[in-house]
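Student: Sharing a structure here in C-alpha cells format.
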Amino acid sequence: MDGNGRWAQRQGLPRVEGHRRGVASVRRTTEECARLGIEQLTLYCLSSENWKRPQYELDFLMHLLEQYMIEERSTIMANNIQVRIIGRRDGIPEQVQHEMDRTIELSAANTGTTLCLAINYGGRGEMVDAVRKMASEAAAGTLDPASITEDDIAAHLYTAGMPDPDLLIRTAGEMRISNFLLWQISYAELWVTQQCWPEFCEETLHQAIRDFAGRDRRFGGLNADSAEGAT
Ligand code: IPE
Ligand code: MG
C-alpha cells in the first residue's frame, strides 16, 4: 500500500491525511476480496524500515491502527473474514497490541477470506527469526540440519500454514519489492499501478485480477503448447 503521502501532498493535504484515506481503501479492497472469494489478502501496513519516519507520523499510524482494529471489527465479522498479523511486536504500543489480539481472537473461527496484516514486517527480519528458531531446535536436537527442506523453512516463517501469494499488487508506480514476503513471492505475478493507495478501488483490483488471469504461469516449466511442440 504505497503512495499515501504523495496522494495527500498532491491534494494540498498533510501526509497523514493520505494514511487516513488509505484506511477506506483497505476496507473497500478487503470487502471486495471477501465478496470475490479470494482465499487470502495480505496488506503491507508497516515495514520494519518505516520506524525511520518522523515521530508524529508514527504516532498517527499507531493511532490509526488501533482505531482500525476496533472500528473494523463489525465489517470483519459481517464478511466472515479471519484476521492474522505477521511481523515483530516490539515497538508496537501495548494498547495497539491488545486491540490487535482482540480482533484476531474474535475473528479466529471465521472461515472466509484471511486478511493478513503485515505490521512492523520485514522479509529479511522474518528469515532471521526463522533461522534463530531452527538453529535453537537444531541445538536442542529436535531438528536435523542435514535434512532441512524448503517446507521446513516455510513452516518457521511468520506465514507458516498460509499459501504463497499468486499476485503481488504494488501501488504508486514503484518497481521494487521493499523487503516484502521475500521467500513467499518466488513465483508471484507482479502488477504495478500508478494509482496511489488512497485511489485504489474495486475497479483497480478487478483490472489486476483480469491481467493476472491472462498471464502464462510456467513455474520454471513449459506451457502446454511449447511442451507439445517439443515432443
Ligand atoms: C504507504 O504510503 C503507507 C505506509 C508506508 C505506512 P507512504 O507513506 O509510503 O506514501 P509515499 O510513498 O510517501 O507517497
Ligand atoms: Mg512510500
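Cβ atoms are placed via backbone N, Cα and C, with glycine included.
The active site annotation in TrEMBL covers Asp2. Sequence annotations record features per position, and here TrEMBL assigns active site, proton acceptor to Asn50. As annotated by TrEMBL, Mg(2+) binding site applies to Asp2, Glu189. If you look up TrEMBL, you'll see 3-7, Arg15, His19, 47-49, Trp51, Arg53, Arg170, 176-178 marked as substrate binding site.
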Student: Go through the binding-site residues Ser48, Ile177, Glu189 and pull out the ones with a Cβ less than 6 angstroms from some atom of ligand 1.
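Tutor: The qualifying binding-site residues: none of them.
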Student: Under a threshold of 6 Å between Cβ and any atom of ligand 2, which of the recorded positions Asp2, Trp7, His19, Ser48, Asn50, Trp51 are retained?
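Tutor: Correct list: Asp2.
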Student: Does Trp51 (substrate binding site) have same-chain partners at least 6 apart in sequence with Cβ under 8 Å from its own Cβ, and which are they?
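Tutor: Long-range Cβ contacts: Leu58, Gly91, Asn120.
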Student: Between the Cα atoms of Asp2 (active site) and the residue listed as 'active site, proton acceptor', what distance do you get, rounded to the nearest Å?
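Tutor: The separation of the Cα atoms works out to 12 Å.
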Student: To the nearest whole angstrom, state the Cα distance for the pair Gly5 (substrate binding site) and Glu189 (Mg(2+) binding site).
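Tutor: About 26 Å separates the two Cα atoms.
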Student: For Trp7 (substrate binding site), which residues of its chain lie six or more apart in sequence with Cβ-Cβ distance below 8 Å?
Tutor: Gly18, Arg21, Cys196, Trp197, Pro198, Glu199
Student: Helix, strand or coil by DSSP: which one applies to Asn50 (active site, proton acceptor)?
Tutor: helix
Student: Determine, to the nearest whole angstrom, how far the Cα atom of the residue listed as 'active site, proton acceptor' is from the Cα atom of Arg170 (substrate binding site).
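Tutor: Cα-Cα, rounded: 17 Å.
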Student: If we count other C-beta atoms within 10 Å, could you say which of the recorded positions Asp2, Gly3, Arg170, Ile177, Glu189 has the fewest?
Tutor: Ile177
